[in-house]
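Only one structure is covered here, and it is reproduced in the block below.
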Amino acid sequence: MAGLQLMTPASSPMGPFFGLPWQQEAIHDNIYTPRKYQVELLEAALDHNTIVCLNSGSGKTFIAVLLSKELSYQIRGDFSKNAKRTVFLVNSEKQVSQQVSAVRTHTDLKVGEYSDLQKTQCWAKEKWYQEFETRQVLVMTCHIFLNVLKSGNVSLSNINLLVFDECHLAIQDHPYREIMKICESCQPCPRILGLTASILNGKCDPRDLEEKIQKLEKILRSNAETATDLVVLDRYASQPCEIVLDCGPYVDRSGLFQRLLNELDEALNFLIDCNISTHSKERDSTIISKQILSDCRAVLLVLGPWCADKVAGMMVRELQKYIKHEQEELHRKFLLFTDTILRKIHALCEEHFSPASLDMKFVTPKVIKLLEILRKYKPYERQQFESVEWYNNRNQDNYVSWSDSEDDDDDEDEEIEEKEKTETSFPSPFTNILCGIIFVERRYTAVVLNRLIKEAGKQDPELAYISSNFITGHGIGKNQPRNKQMEVEFRKQEEVLRKFRAHETNLLIATSIVEEGVDIPKCNLVVRFDLPSEYRSYVQSKGRARAPISNYIMLADSDKIKTFEEDLKTYKAIEKILRNKCSKSIDCGNTESEPVVDDDEIFPPYVLRQDDGSPRVTINTAIGHINRYCARLPSDPFTHLAPKCKTREMSDGPYRSTLYLPINSPLRAPIVGPPMNCARLAERAVALICCKKLHEIGELDDHLMPVGKETVKYEEELDLHDEEETSVPGRPGSTKRRQCYPKAIPECLRNSYPKPGQPCYLYVIGMVLTTPLPDELNFRRRKLYPPEDTTRCFGILTAKPIPQIPHFPVYTRSGEVTISIELKKSGFTLNLEQLELITRLHQYIFSHILRLEKPALEFKPTVADCAYCVLPLNVVNDSGTLDIDFKFVEDIEKSEARTGIPNTQYSAESPFIFKLEDYQDAVIIPRYRNFDQPHRFYVADVYTDLTPLSKFPSPEYETFAEYYKTKYNLDLTNLNQPLLDVDHTSSRLNLLTPRHLNQKGKALPLSSAEKRKAKWESLQNKQILVPELCAIHPVPASLWRKAVCLPSILYRLHCLLTAEELRAQTAIDAGVGVKSLPEDFRYPNLDFGWKRSIDSKTFISSQSSSAVESEGDCRLNTTMVPDSATSSAANHVIYTQTNDQMSVNCTPLCQKSLSDLRGVCFSEDYKAINGVSCNGVTSDSEAESGVCFQKDERIACTQEIPEKSTSFHIQNLPKENQPILNECTLSKKFLDGNVSKPTSDECPSTCTSDMQYESGLSNGYSSKTLGPNPGLILQALTLSNASDGFNLERLEMLGDSFLKHAITTYLFCTYPDAHEGRLSYMRSKKVSNCNLYRLGKKKGSPSRMVVSIFDPPVNWLPPGYIVNQDKSSDKWESNETSGEGVMANGKIDEDFDDDDEEDEDLMWRNPKEETDFDDDFLEYDQEHIKFIDSMLMGSGAFVKKIPLSSFAPPDQNYEWRAPKKPLLESAQFPSEFDDFDYSSWDAMCYLDPSKAVEEDDFVVGFWNPSEENCGTDVGKQSISYDLHTEQCIADKSIADCVEALLGCYLTSCGERAAQLFLCSLGLKVLPQVRRSVTSTNSISASSSYQKTSTRDICTLNSELSSCKGVEYGYLKIPPRCMFEHPDAEKTLDHLISGFENFEKKINYPFKNKAYLLQAFTHASYHYNTITDCYQRLEFLGDAILDYLITKHLYEDPRQHSPGVLTDLRSALVNNTIFASLAVKYDYHKYFKAISPELFHVIDDFVQFQLEKNEMQGMDSELRRSEEDEEKEEDIEVPKAMGDIFESLAGAIYMDSGMSLETVWRVYYPMMHPLIEKFSANVPRSPVRELLEMEPETAKFSPAERTYDGKVRVTVEVVGKGKFKGVGRSYRIAKSAAARRALRSLKANQSQVPNS
């Protein structure tokens, strides 16, 4: 047998590397890429009468339905007016309904079904006429139709298509035959389509077959076409070399073979003879035994004794299990008998050979022959790639370590538990060439043959390269239901296939399962170990040998070889007949391997340049180029686009070809080739011409390769930015990359320090209490102090005018105070002395009252960037107007208590005298403690009933006097003086948001009001001081309270001015809005848009844990942080939740009657009266009266539609002495006796004039014309980390979707020829975070952004101050921390003061010292020391959230220098920091000296833990910057900010304005009309940005804007949507026949029907020659729907929070939802595609939807029912369905002249039910839900391939199980797995009682 010559890849002349079968892309070079056979059959059927011979039923439906759809234009319309009808004939009644449902699913045709012959026989002619009138497709049994024809009820000429199912029946005598006879006489005859799957059954004689086919063709007057699945599967692949080998007989030298055979035969005969009577119910006792023994016998015969021994051993193990579980005695006996026989066989074998090694004497010749073939495939040494030495060094015995060998004495049946050794992850070097399958008949043969090959590999180095495995169908125990064990088996099979696909194994031993339908690679060796028994088996296994050089070897025993040769002849003949019937009858089998002729002479190549190496296409390579080009066009997984070439012989001899490219190629016209003298050349020549044309239009690049989407020919779109030269690590545009930017200073405040003798501006800071603190929140029952009750207030003195900005709130202890900044007078001058006085007072306010001065800051108003003065104003002289209160300023200068403690001495001679009026509005200072940093208290109450001799609250001291004597050795001179109840002056300086609400405006839970009340009423918990021991501060309490608001007011003013400046800048750059606002105009108030929920209802136990106590009024359960401590560690308000938004919606006040409103002023809507302040009315009455301004009881205040602001708009100041509007004076009853005391006229409060309902803005201006409200712009600049009452997240989402829409529309209109892949590439470049970040940076957004929490002591620079580098101590660095700022005990880390008693768990004091209320500072000091100590020791006991390891020692070599300033005080922050909020750091990095402790007077400067404490990565670069003047921002945050600003312009000024805004940023979304001056300095500007100081940025921007001479026009709809075509209109009418029904259904008639056709045309539908496919419209529609839905959600009155908004958006804008809706509204019935797989997926999906009939959630329960729990597979959602849902939106948009309203009018009714359903209950993707539920424990596996080519993903929830999901893509499988896991977890949760 040595003469066997195989052409193996290794020996092939093309060298070793040709022939790695899996490395070859299936792109053909000599023939056009073949199209799916179903597509070609359909084409044949459209062309002529056809009999389709198919193997599968499903393919038949596809062809029949699509054919009737294609011809449907003939059957729509009126039957009486010549429209025809289509008839489907089936053989039996039950097939009728199948066909009907197929037609109904895929078309909108009206279908009639007729299956009852009796019933229809009695119908009259009229009845039939009516049926034909009302139906377009009639499905009936052939008997009924024959009846109809015979009775002359209908004529065949009225039928356009007759479909015969199972048409082979026409050969016998059958109604089909008679129907055809009638057809013969009728002219014109209908088109005929015959379908059959059973031309071939079992063995049949080729002559008969041919005769049968010809007869059928004659009867049906058709041509038979076979599908390629009956001929070799890919008929274009080269045919494998077929070899039949005679293996010779087995010579049984030892006689063992015969003995074993005799044993087995005897045993089997015994079993057959035991005819135990079996009742039909019982199972046959001998069945298992017979099966096992005959399997063993078969192995013996086919493979020989060695294998029989192996299989006997396996079977014994398998039998043990049966025996163990067998209950019945008789059955057991038979099993034991079998066991004995098998053991006997094993014993006999052991006598002859040792089972350990393979002895060739004991295997059959077939096996020997097989091993010989395999040796031929051994790869050559030189093919070992780089690993030759590795190969040589391996000794043979360890070699198999990477295969799945197992030990022989492994006593687990290895079928069930194959213990695989771990495999190396790389394909073994041995697997590089062979890729083979051995087909065997029986399962056991496969198992043992595999074992044998592995054994041979160990002994024979020639075979060592084989890594084999076996796969046997799911044949295990057909008689048991599929159980866990089978599941294991199944998994194992899939693993085997996966390895074979990945070429980890190179040889597969398989039963016939692999012949059909399993996805495996192209093999280069197929061996039929057992001969094929029928044609189908022959052709299927042969079809697996598809590699370019492959062998199909059949092994025959000598006795069988004769008969098999006969069979083989038969198979060949059948194949030939079928091939001739193949729809492409040119036999192209040989063209692929034909010798290459030099055809260049015949037809010159297309060469780019005339030099040698120039790229060229020759006539021989052209087809490959075309195939490659088509493969690169965009398509879905189901469609493989291929060119279509028609070749016909011309009358005079030569051939000519016409080439049609897929319809989404820009080259649409058919290309006609030159006449050539053979068909092959004609095809090549036309390809060459096509290549030339493709290159000319730019579809092939200059190397003549297809142009990818990246090499876009539209360079101008990807405006290439100069890559910034920067050392900052991280990818530009990502969150990881962070950089520092100076904080912007508004131009109007820059250099605004007034100079002597120069005109100044004086502004009043008006403060009005608009919403007093409701009682529930006023725990201490403090008196509220409305700021407008006292006339003395603060003002701002500046050298420049300040633009109008909206009023805004601050939140003091008394409630919400509305702040206004009003110009008092301008143009006046001050002399030097006055200015110095004012400046000193200004410094005094910030350094002493607010104690914000620290070593790092220095007061230098002349140098500071921003240095206006804050000064007290009062009503001076008699004029009644406010002016600078110089007298008061001088008084303070003179006062002793100004800074320190005056040492007044009282004695018995001059005792202390108490004057009540001195204490009524006073701040007092205890004179006996804390001398360097005295504490200041407000006098809350004077206890006239207490004296120093009253009983002391705690038992240690009798009286107050005794306490002071004992503790401080102080004697009192006046024992009758009353005592004072005092409150701390506030150290909480961030008053931007209310304390009792979180950022969402939701009430924080409060601790029980009962406890509080009790606590505050007992003296123990009050601070009580003796007047004599205190000094009175010169600044009255009323003014002090206003001073506390200054940092917040100035900060907010600063931010709003920055926003106003941005608005003005945009007005110049983009032409949106006006540069300077009109004098008489003021924007509505800044407002957080919260509905205040302070109504008692909402408070009651908002935490389930706090039980509601029985007695008492309302319960408030929250834990607040005590306020007795003035710890700097606590100067911050940190909110529990940080995502929020400034709402822009108006909540109409509930329609309550007035009486209801009374007293509930603070219920849900109390914010509605936020901004009202009426001149001369005190706040209490005014707040309540304000409720009912509007006649219709709705607060009306909208500013354009989207921006609705809940507050009133305080308009222009009333002229002096203008009467108060009468709406404000309500009935006395309502005012509750609170009669208003008029305040001085000029008090800075304003009056609400009539409200304009619609515009919401006074004097007819609207934000549409003026530009957005600075408050809204500020929202767009505020990150959620700033913990303000609003942030950019909602606006950002809106901006994001509008940006996508604007850019999409622009690209769609500007590039009518670019296909979807290129468009989306350009879009992704433009909308990328990286691009937006660059544009935002160029515009200077980063400086204007608000990124961290406002914390005055830490990061606010008061006006007039500069950062002083020498003493800087806020410098530090860190690498990663969570900036959450929640304190250790989960409380909100607010400052320790204000509004609240100490909560028990936060008291550090000893219970013994309780009494020491007077001295409770001590405890604060000690607590501070403890805190600092613990910090330095590194225990972090105080603020758990800060991981100590994250501090890095300052980096000595790295200094970041701030522009044009001395080295600043700076703090170093890591690059990953997310716009950190520093407050929680404050305590550590800096302890204000003002808060230093008297005992140890130390200051902790920069805190630097020891080295080993720093777990920071050395490589991480830290950024060192100064907290006061700079901020560190992630690139992505800047991109977000740009989107939010876009959203802000969109909501305020409309879509056109938003587009202009984008253009001004540098994102082109509109065409330019003309350019007057081109801006030259823009580039220099952006590059110099980094190096400029803050001061110059603004000036730089303004220079730029002046030279923007660009005007933008409007987008134009791309001109043509139809191609030039001779009879385009007629084709269009054919193609869209029936679409009018769809137009009715969606209620939109198309003006241009071509858009409608385009929206439904899939890329595979080549019959549409007049429009493009839907991909471009889908690209457009996707963005439009996304924007419309996002906009709708954004404007929802429910005001969804950003998180919900995101979830809703992703739940509604996704393929699953769109596909479901498309099916619900019948889109699929009009869909035009020719793609068999897509057809089936849609079919499945539609059926599934009909069964479910329930709309989908996220990808909600998209799976089949639960029978098959083991292998969860999601039903596949056909992407094409979602696509046409989108493309139709794009089509409507274009057809309606780009009207979004029209699209929404059509789509809203479809989407509305879902929007409602989801808004009520927001769905989340299962993957996300699982990860949120089990964040630590859920782990997803990588994807595995299943045996049919799908993907499986396993998710393991540690401790709760593993869950698998399967789907066509990783994503689908992953969500299936997640869904199963969730179902299981939820089921388990519900069983566990709530513990």
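Every residue number used here counts from 1 along the chain in the order it is shown.
From the backbone N, Cα and C atoms, a Cβ is placed for every residue, glycine too.
Here's what Swiss-Prot has on this protein:
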DOMAIN    41-217  domain 'Helicase ATP-binding'
BINDING   L54, N55, S56, G57, S58, G59, K60, T61  ATP binding site
DOMAIN    425-594  domain 'Helicase C-terminal'
DOMAIN    622-714  domain 'Dicer dsRNA-binding fold'
DOMAIN    887-1034  domain 'PAZ'
DOMAIN    1248-1379  domain 'RNase III 1'
BINDING   E1292, D1370, E1373  Mg(2+) 1 binding site
BINDING   E1674, D1779, E1782  Mg(2+) 2 binding site
SITE      K1775  site 'Important for activity'
DOMAIN    1818-1883  domain 'DRBM'
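A 10 Å cutoff on Cβ-Cβ distances gives D1779 (Mg(2+) 2 binding site) a total of 28 other Cβ atoms nearby, all chains included.
Nearest Cα neighbour of T61 (ATP binding site) among the listed binding-site residues (E1292, E1674, D1779): D1779.
Across the structure, D1779 (Mg(2+) 2 binding site) and G59 (ATP binding site) are spaced 24 Å apart at their Cα atoms.
L54 (ATP binding site) has a Cβ environment of 22 other Cβ atoms inside 10 Å. A separation of roughly 11 Å, to the nearest angstrom, links the Cα atoms of K1775 (site 'Important for activity') and E1782 (Mg(2+) 2 binding site).
For L54 (ATP binding site) paired with E1292 (Mg(2+) 1 binding site), the C-alpha to C-alpha distance reads 56 Å. Model confidence over the domain 'Dicer dsRNA-binding fold' (622-714) is summarised by a mean pLDDT of 83. Within the domain 'Dicer dsRNA-binding fold' (622-714), the DSSP-based counts of helix, strand and coil residues read 29 helix, 17 strand, 47 coil. Considering only the binding-site residues G59, K60, E1292, the residue whose Cα is spatially closest to the Cα of E1674 (Mg(2+) 2 binding site) is E1292.
Shown in sequence order, Y1670, Q1671, L1673, F1675, G1677, D1678, F1714, G1778, I1780, F1781, S1783, G1786 are the same-chain residues outside E1674, D1779, E1782 whose Cβ sits within 8 Å of the Cβ centre of the Mg(2+) 2 site. In the three-state DSSP reading, L54 (ATP binding site) counts as coil. The Cβ neighbour count for K1775 (site 'Important for activity'), using a 10 Å radius and every protein chain shown, is 18. In this structure the alpha carbons, written CA, of E1782 (Mg(2+) 2 binding site) and K60 (ATP binding site) are 31 Å apart. Look at the domain 'DRBM' (1818-1883): DSSP puts its residues at 26 helix, 19 strand, 21 coil.
Around the Cβ of K60 (ATP binding site), a 10 Å sphere holds 25 further Cβ atoms from the protein chains shown. Helix, strand and coil content of the domain 'PAZ' (887-1034), in residues and according to DSSP, is 40 helix, 27 strand, 81 coil. Residues within less than 8 Å, Cβ to Cβ, of E1292 (Mg(2+) 1 binding site) and separated from it by at least 6 positions along the same chain comprise A1276, D1536, C1537, E1539, A1540, G1543. With a 10 A radius on its CB, T61 (ATP binding site) counts 23 other CB atoms from all the protein chains.
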